[in-house]
Amino acid sequence: MTKADQIFKANIQKIINEGSLSEQARPKYKDGRTAHSKYITGAFAEYDLAKGEFPITTLRPIPIKSAIKELFWIYQDQSNSLDVLEAKYNVHYWNEWEVDQTRTIGQRYGAVVKKHDIISKILKQLAENPWNRRNVISLWDYEAFEETKGLLPCAFQIMFDVRRVGEDLYLDASLTQRSNDILVAHHINAMQYVALQMMFAKHFGWKIGKFFYFVNNLHIYDNQFDQAQELLKRQPVASQPKLVLNVPDGTNFFDIKPDDFELQNYDPVKPQLHFDLAI
């Protein structure tokens, strides 16, 4: 059993046994019903990527390709356009969060990255002083929230630090997320930001180090408990999945493509489970 599978099962069981029930919930199911959830707060996990510990479960298939394409839309294209997401990456699930028939998700995610020129600033800071302690990407922009409607960012902050081990430099990353649907999105979000960590590391020719993941509200929606029980029953496969970025060290951040990523040794338990999403 992988470390990710151990953490996944432990968190599911903890939510079932110890979780609190949501009140005044905002999300809705497609039929209009309020999407309540059971949740825990303050969930934390640590993965040593350098030792092959990657935050992806083998208990069900995780759609990593579309997740990485979404990441590129946010941090390379720096876009909030649904047309760009569909035409360039053939990703459609963000249509559920279109704002007022604008074909955008409002001033969120990529729009905030572009507004503050965040990626260029982080690359410059790391180039000038890899050991600086100010490498913070934050998507939490109150001014943008007031400017337009839109889903507030779930995974909203990632920080980077560099460590020297012998002759090698390792890039660590810490992801903070305000809210996470553990059964559907937990490993999608984690692997997205591992991919981002790898892109920064490749840009500088560094090795990937540790990945820290903090979720403030980790929940299971009230229409997902059958799937949760099924996941607890499943026996994980023996393989150790690994995400690889197949470009030379020193490849510019903006020259990396989604197809440069390869998920190796991934043979998840099937069949896939169906989830009715809360919007």
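Yeah, the Cβs are placed from backbone N, Cα and C, and that goes for glycine too.
If you check Swiss-Prot, you get these features:
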- Arg133, Arg134, Arg178, Ser179, Asn180, Asp181, Asn189, His219, Ile220, Tyr221: dUMP binding site (BINDING)
- Cys154: active site, nucleophile (ACT_SITE)
- Asp181, Ala278: (6R)-5,10-methylene-5,6,7,8-tetrahydrofolate binding site (BINDING)
For the recorded positions Cys154, Ala278, the one whose C-beta sees the most other C-beta atoms within 10 angstroms: Ala278
Span of Arg133, Arg134, Arg178, Ser179, Asn180, Asp181, Asn189, His219, Ile220, Tyr221 around dUMP - largest C-alpha separation, Å: 37
Three-class DSSP secondary structure - Arg178 (dUMP binding site): strand
Nonlocal neighbours by CB distance (under 8 Å) for Arg133 (dUMP binding site), same chain, sequence gap 6 or more: Asp161
Candidates Cys154, Asn189, Ile220 (recorded positions) - the one closest to Asp181 ((6R)-5,10-methylene-5,6,7,8-tetrahydrofolate binding site) by CA: Ile220
Pairwise CA distance, Cys154 (active site, nucleophile) versus Ala278 ((6R)-5,10-methylene-5,6,7,8-tetrahydrofolate binding site), rounded so that it is a whole Å: 14
Assigned element (helix, strand, coil) containing Cys154 (active site, nucleophile), judged by DSSP: coil
Nearest-integer angstrom distance between the alpha carbons (Cα) of Arg178 (dUMP binding site) and Ala278 ((6R)-5,10-methylene-5,6,7,8-tetrahydrofolate binding site): 16
Three-class DSSP secondary structure - Ala278 ((6R)-5,10-methylene-5,6,7,8-tetrahydrofolate binding site): coil
Listed in sequence order, residues with CB under 8 A of Ile220 (dUMP binding site) and six or more positions away: Ile12, Ile15, Ile16, Gly19, Ser37, Lys38, Tyr39, Asp181, Ile182, Leu183, Ala228
Inter-residue Cα distance where the pair is Ala278 ((6R)-5,10-methylene-5,6,7,8-tetrahydrofolate binding site) and Asn180 (dUMP binding site), in Å: 12
Collapsed DSSP category at Asn189 (dUMP binding site): helix
Per DSSP, three-state class assigned to Ile220 (dUMP binding site): strand
Protein Cβ atoms within 10 Å of Asn180 (dUMP binding site), excluding its own: 23
